[in-house]
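Written below as structure tokens is the structure these notes are about.
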Amino acid sequence: MTIRSPETEVKIVVEKDPVKTSFEKWAQPGHFSRTLAKGPSTTTWIWNLHADAHDFDSHTSDLEEISRKVFSAHFGQIAVILIWLSGMYFHGARFSNYEAWLSDPTHIKPSAQVVWPIVGQEILNGDVGGGFQGVQITSGFFQIWRASGITSELQLYSTAIGGLVLATLTLIGGWYHYHKAAPTLAWFQDVESMLNHHLAGLIGLGSLSWAGHQIHVSLPINQLLDAGVDPKEIPLPHEFILNRELLAQLYPSFSKGLTPFFTLNWSEYSDFLTFRGGLNPVTGGLWLSDTAHHHLAIAVLFIIAGHQYRTNWGIGHSLREILEAHKGPFTGEGHKGLYEILTTSWHAQLALNLALFGSLTIIVAHHMYAMPPYPYLATDYGTQLSLFTHHMWIGGFLVTGAAAHAAIFLVRDYDPTTQYNNLLDRVLRHRDAIISHLNWVCIFLGFHSFGLYIHNDTMSALGRPQDMFSDTAIQLQPVFAQWIQNTHTLAPTLTAPNAASSTSITWGGNLVAVGGKVALLPIPLGTADFLVHHIHAFTIHVTVLILLKGVLFARSSRLIPDKANLGFRFPCDGPGRGGTCQVSAWDHVFLGLFWMYNSISVVIFHFSWKMQSDVWGTVTSNGVSNITGGNFAQSANTINGWLRDFLWAQASQVIQSYGSALSAYGLIFLGAHFVWAFSLMFLFSGRGYWQELIESIVWAHNKLKVAPAIQPRALSIIQGRAVGVAHYLLGGIATTWAFFLARIISVG
């Protein structure tokens, strides 16, 4: 790293009182748009109001003003999250059996919702144990609270109030930084300073403070809880923080204070900063001393990372230099020009972040079962299934959003004259090769993965089981996956000799059971997994094909060379040009959402059945008795098996839930099917049909002299599609949710 002359001094500049605080203005619907502010003449107005309220690009073209609005909106977003969290903690304090659950987490089920006795719906308050009647929850909050050392409802109340105080502060912050002291554009574009502060401050100090909490509060409290001490007898958090002797009784190295730290004898601290691997056999969760160690290590790494970028001192990296130096022999100008894109297009920035965090959320979904981070999480099957499903859906939506904002960037913010022969330009120029190859891959994967199932269904139907692909006939073992599992099982002996076991028991090793229930065991992979994994590959590639085609052809195509002029969303390329409908970038996102839904559905079905068949169950003297008795390997290799032994067999709980505490899931299952079916009305019918119908209804109103002042209009083609896809996804997700929960709460 060379020492250079400092960059131009960064001055923190804010503009004082840039926008007047005016309740009169806010009270006027559509105040952000000249057209909308005039008020409604047709019913289209309300749709445009919702479409454009947060599309800050449509309010102004001034990047500084857009940046301030986004920045201010983030404060509001954080406030909403804090209010929601506060509500969760309040429910835990006011309406839950948390203290009872804490004293016996293996037999008592978590509940933090009590239904009021109106029209007989108190039937939903099932007996969850510990003399408590309520709705069983599957959010994992109880497990998080125990891991963080919360032992009483008073602590939950206090945290709930703290959340509301923080929410108030963020709301004031959002108002203050837009109306009183708004940052200038230069501040939003100062990426080096932003990286330093976010890496060292948010992630580094955030992880450090959490590690401190874990070490001084969570670890001692959980150590005592694991030993069976009554929560009411355990000292309060501030006693552990203020009285070192208390901690030293549990972790002797505390008596030595900071001496080992400054004398570099760090191994002295290994009684509370461990590197064990595997799960705590008492709770079935990761060792909390491992996770404290992890957060401390993350803090150190990110605090160092937050000192890497060059600001007012002449040392460190410049992001522009890094990007412009990034070129190889075959990549033309490399990343030259990307710095300008990422500092002037927040859509480009957002697309990258959504792609990254979407992928990360999907990785989190897998870690939540493979390395369950909280005590008693692994044996709470309803929560495990809910957390996996939730993070998979969220990840799918974020990745689809990445494609949406990448396309918006190309339509609204991309300037081809400044991007010549860099990697982005080169990708756009050979987009035909990319898309046609990807299309071929999708066809190959589709025919081959589906073909294996069709073969099996045919052989099964003809009574020829010996000719099927299965673990007992023609084997297609996932040998690469099995090799990876084996390698990871053996890894600790070589790479981490002090670790007691590998990172996850799913790789291999010994079963962990808590209270007679399986927490985790090595997950066997066979022919049925090989087949469904290729369906995963197929659905994911098709989703990517649709979304990537939308991005790469967002500005132009052979069919519509001037697509950029038509905008991000448009129904067709004007009258007189047939065959040009559904080509806008928005339409690709619309279509991509359906395939995203396909992809995630297959994944969560696979997970749900696989875990019930091969992992979850009870441990007896004869071994493990799984919920569905290992039927995945025999049945999941035919389409008929998926329909009969998964969907139909496991739907019995939700279909037969009427008259029980689970009956709400039966109603949701039914209602969500209706919502899903309702979406088809929007997706399968044309706009003209509705306009004709509306006009005859308006005629009838005129006859009766009750005609509305605001003229009714059919939804535009794009509005109709948006309503359709929203109900399709909402209906589908809620149906799956009811199906999963009724099933797993009954049998888990």
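Cβ atoms here come from the backbone N, Cα and C positions, even for glycine.
Feature annotations, reproduced from Swiss-Prot:
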- CYS572, CYS581: [4Fe-4S] cluster binding site (BINDING)
- HIS673: chlorophyll a' binding site (BINDING)
- MET681, TYR689: chlorophyll a binding site (BINDING)
- TRP690: phylloquinone binding site (BINDING)
- 70-93: transmembrane segment (TRANSMEM)
- 156-179: transmembrane segment (TRANSMEM)
- 195-219: transmembrane segment (TRANSMEM)
- 291-309: transmembrane segment (TRANSMEM)
- 346-369: transmembrane segment (TRANSMEM)
- 385-411: transmembrane segment (TRANSMEM)
- 433-455: transmembrane segment (TRANSMEM)
- 530-548: transmembrane segment (TRANSMEM)
- 588-609: transmembrane segment (TRANSMEM)
- 662-684: transmembrane segment (TRANSMEM)
- 722-742: transmembrane segment (TRANSMEM)
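Here the features listed in Swiss-Prot are painted onto the structure.
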residue : record                        : Cβ neighbours (10 Å)
CYS572  : [4Fe-4S] cluster binding site : 17
CYS581  : [4Fe-4S] cluster binding site : 13
HIS673  : chlorophyll a' binding site   : 15
MET681  : chlorophyll a binding site    : 13
TYR689  : chlorophyll a binding site    : 10
TRP690  : phylloquinone binding site    : 17
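The Cα of MET681 (chlorophyll a binding site) lies closest to that of TRP690, out of the binding-site residues CYS572, HIS673, TRP690. DSSP assigns HIS673 (chlorophyll a' binding site) to a helix in the three-state reduction. Only pairs six or more apart in sequence are counted, and the transmembrane segment (588-609) with the transmembrane segment (195-219) gives fewer than three Cβ pairs under 8 Å, not enough to call it a contact. Of the Cβ pairs linking the transmembrane segment (385-411) with the transmembrane segment (70-93) and spaced 6 or more residues apart, fewer than 3 are under 8 Å, so the two regions do not touch.
Long-range Cβ contacts of the transmembrane segment (70-93) within its own chain (Cβ-Cβ under 8 Å, at least 6 residues beyond either end) map to 54, 56, 112-113, 139, 141-142, 145, 153-154, 156-157, 159-164, 166-168, 170-171, 173-175, 177-178, 183, 188, 346. Sequence-distant contacts of the transmembrane segment (346-369) (same chain, six or more residues past either end, CB-CB distance under 8 Å): 66-67, 70, 377-378, 384, 387-388, 390-392, 394-406, 408-409, 412-413, 506, 520, 607, 611. When Cβ-Cβ distances below 8 Å are used as the criterion, the transmembrane segment (722-742) is approached by residues 138, 382, 385-386, 389, 393, 590, 593-594, 597, 601, 604, 608, 650-651, 653-654, 657, 662, 665-666, 668-669, 671-683, 715 of the same chain, each at least six residues removed from its ends. CYS572 ([4Fe-4S] cluster binding site) falls outside any helix or strand according to DSSP and counts as coil. In the three-state DSSP reading, TYR689 (chlorophyll a binding site) counts as helix. Rounded to a whole value, the Cα-Cα separation of HIS673 (chlorophyll a' binding site) and CYS572 ([4Fe-4S] cluster binding site) is 32 Å.
DSSP assigns MET681 (chlorophyll a binding site) to a helix in the three-state reduction.
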